[in-house]
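Beneath this line is the structure, given in structure tokens, with notes to follow.
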Amino acid sequence: MAEKSNLPLFETKVFKNRLIFRLYALSIFISICFIFYFRILHLPDSKTAEKLAWLGALFSELWFTFYWFIGIVVRWNPSYRRTFKDRLFQRYGNVLPGIDIFVCTADPVIEPPTMVINTVLSIMAYNYPSEKMSLYLSDDGGSDLTFYALFEASRFSKEWLPFCRNFNIEPRSPEAYFRKAVEPLNDSLGSNEWSSMKNLYEDMKKRIESVAEMGRIPDDIREQHKGFLEWDTASSRRDHQTILQILIDGRDANAVDNEGQPLPTLVYLAREKRPQFHHHFKAGAMNAMIRVSSRISNSPVILNVDCDMYSSNSDSVRDALCFLMDEENDDEIGFVQFPQCFDNITKNDLYGSSLNVIMQVEIHGMDDNGGPGYIGTGCFHRRETLCGRKYKRGSKSESLRWDHHLRIQDSASVLEETCKPLASCGYEENTEWGKEMGLKYGCPVEDVLTGLAIHFRGWRSIYFNPERKGFLGVAPTALLQSLVQNKRWSEGDFQIFLSQYCPLVYGHGKIPLKLQLSYCVWLLWAPNCLASLYYVTIPSLCLLRGISLFPKILSQWSFPFIYLFMATSAYSAGEFIWCGGTLHGWWNDQRMWVYKRTTSYLFGFLDNILRLLGISKSAFVVTAKVADDDVSKRYEQELMEFGAPSPMFTILTTLAFLNALSFIGVLLKLAMHGQTLDQLAMQIVLCGLLVCLNQPLYEGIFIRKDKAKMPSSVAYKSAVFALVLCSLAYV
């Protein structure tokens, strides 16, 4: 028995047999060397336009090489983890720690309350002792509708949790479960209970949606809970006092489900909002919950989940604790990050939203290089890491054991009043909150910055990607949503790179060099726009002037270019398919790669430049989590959604027109003048590929008649811009 108790709670497997990958990387490096030798050897001497175009290609390829190199560093030695949950319970049993779970929502329209409570219910139903779980919903929208939905969920949980426990169902989000599950035919399998539970859920959902349609809480409902009185004194969602209500007090002996089992503590929090105070978006909400929870439950482990990321695996808590409580490694592990996965990805991943390559390849590589970054959801933290504690080897971290855990014994009503000041606007004035304590402020991607700061303090992190995904969320269902989301990510990441927290500077001597470079894969998304914009515009414009930027197709110098293109495309497609995608999905991903780099990353880059010049400030944009029926139908049919005018669409359409005009123009010129294709063949192929990638844009401009077609105003402006650029090519 003693020997068994010393067994590890998890194991790590590092891919050692990476010979083929390393031979591939070596062959690409050799090809790159030949390409640079060609560029320098054939640098034009005289013509200014040709020389500038040539130098532009050289510098773009230098950037692509650097970015390829850090990508290879990330992929060099990916590591994979496996947990032993049976050993966890054998070793710790009743002294397993408490866990505080934070769910953030900000807008009841963009993030409907029914979606929010499905996330809440899926987490309340974890396969973990309920009396050790406390769930906090932060409502930055300050909506009484969200509070009402949570109130309904608190009552429904008394039926739902026993149902999940008795039938061991997955997933434990009612909406997701009843959407995917087939009703049992045999009564012994619980068909009566199944039907009854589905009816209870549908009734609750209808009540919430009917109240949402009314736009107000009826008086008979308001009388059911004292918490509704808080909205009598709230001016607006941006101007109200702290609203804190403990809907279920897990310490109360009467807080039980319909089988007499304890329920988790459930808390609603709308922190104070005043127009004259900056509220720091999600980071501010998280920090308020850290403080409030420290008074109510004070669990040593904190899980935070976005409101659209329901739990898909009821054992996720136990998986995370296998890392945090392993005797050999637990002292240095600051957080355990689960992948961000999505429940609504189309078969061919229309908008490249699955993030499969990032989640299944890149972050596994970061794990071996020193630990994954914090991605803002599906992450289990030690409370002390979020409170600014530094890790020092040899020093003992805070014990996670339940028997070392002190909980406040005050009543729920007393706690509600004493905790309100912790979520007030002025509490953080002249404190270290947002600087050295809690999540970092001042960055659109506060999660990445916070995780980086935790690494700087000496903590390690773990990436765990179980076979059954821990959390499933909602990916954007429209092109503009996806581009705006990626703009925020790239802007925030590049802001970190330009700040005092740049891993290549501030991280020197604090985190491994491999981890510094691994972070740069994300932090340098935005600058990719420059080289990418060059490659989708200048080679096409040069075609119109007959300027060649590549070797003749029959020249020996063409081999490195051809091999580089073929090998990287084959590897990229293979990697994408290995991660669960399709060949068509890979092609869609390549299209989105171009679209994001020429719009999202461009705006993210420019916003950072303007911010440095003091002209603009960063802003946080919440991505819509729902779409109307027409949008959803087109998304399922994998038809790109355009519809509304946008500067991003203007750029994409201008580039699409530019490449089409250049492609058609050079073919007409060759046909009319009888010139050989040899000199310009590689450039024509590049331009032709860009035309093929833009097929959905051409359909949206010329063929489609639905509401999601490209707006005529965008098409007209873009056509003029493209013609002007083509005219300048002849100047």
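Even glycines carry a Cβ here, placed using N, Cα and C.
When Cβ atoms from all protein chains are considered, those within 10 Å of Asp140 (active site) total 24, not counting its own. Per TrEMBL, the feature active site maps to Asp140 (among others).
Spatially close to Asp447 (active site) yet at least six residues away along the chain are Gly373, Tyr374, Ile375, Gly376, Thr377, Cys379, Leu439, judged by Cβ distances under 8 angstroms. The annotation active site is assigned in TrEMBL to Asp447 (among others).
The UDP-alpha-D-glucose binding site feature in TrEMBL is assigned to Glu111, Asp140. Other Cβ atoms within 10 Å of the Cβ of Glu111 (UDP-alpha-D-glucose binding site) number 27 in total over all chains.
Annotated Mn(2+) binding site per TrEMBL: Lys282, Asp306, in sequence order. In the structure as shown, the Cβ atom of Lys282 (Mn(2+) binding site) sits within 10 Å of 22 other Cβ atoms.
If you look up TrEMBL, you'll see 21-40 (among others) marked as transmembrane segment.
Per TrEMBL, the feature transmembrane segment maps to 52-74 (among others).
Look at TrEMBL and you will find 519-541 (among others) tagged as transmembrane segment.
If you look up TrEMBL, you'll see 561-587 (among others) marked as transmembrane segment. Sequence-distant contacts of the transmembrane segment (561-587) (same chain, six or more residues past either end, CB-CB distance under 8 Å): 24, 27-28, 31-32, 35, 347-349, 354, 356-357, 360-361, 550-551, 682.
The transmembrane segment annotation in TrEMBL covers 649-668 (among others). For the transmembrane segment (649-668), the residues of the chain that approach it from at least six positions outside its boundaries are 480, 536-537, 540-541, 543-544, 595, 598-599, 602, 642, 680, 684, 687-688, 690-691, 694, 697-698, 701, 710-711, 714-715, 717-719, 721-723, 725-726, judged by C-beta separation under 8 angstroms.
Taken from TrEMBL, the feature transmembrane segment applies to 680-702 (among others).
Residues annotated as transmembrane segment in TrEMBL: 714-730 (among others). Residues 537, 541-542, 544-545, 642, 645-646, 649-650, 653-658, 661-662, 665, 701 of the same chain lie 6+ residues outside the transmembrane segment (714-730) yet bring a C-beta within less than 8 angstroms of a C-beta in it.
Among the recorded stretches 21-40, 52-74, 680-702, the one sharing the largest number of Cβ pairs closer than 8 Å with the transmembrane segment (519-541) is 52-74. Cβ contacts within 10 Å of Asp306 (Mn(2+) binding site), excluding its own Cβ and spanning all protein chains shown: 22. Nearest to Asp140 (active site) in space, judged by Cα atoms and limited to the binding-site residues Glu111, Lys282, Asp306, is Lys282.
Residues 535-536, 539-540, 542-543, 546, 548-553, 558, 561-562, 590-591, 594, 639-640, 642, 652-653, 655-656, 659-660, 662-663, 666-667, 670, 708-710, 715 of the same chain lie 6 or more positions beyond the ends of the transmembrane segment (680-702) yet place their CB under 8 Å from a CB of it.
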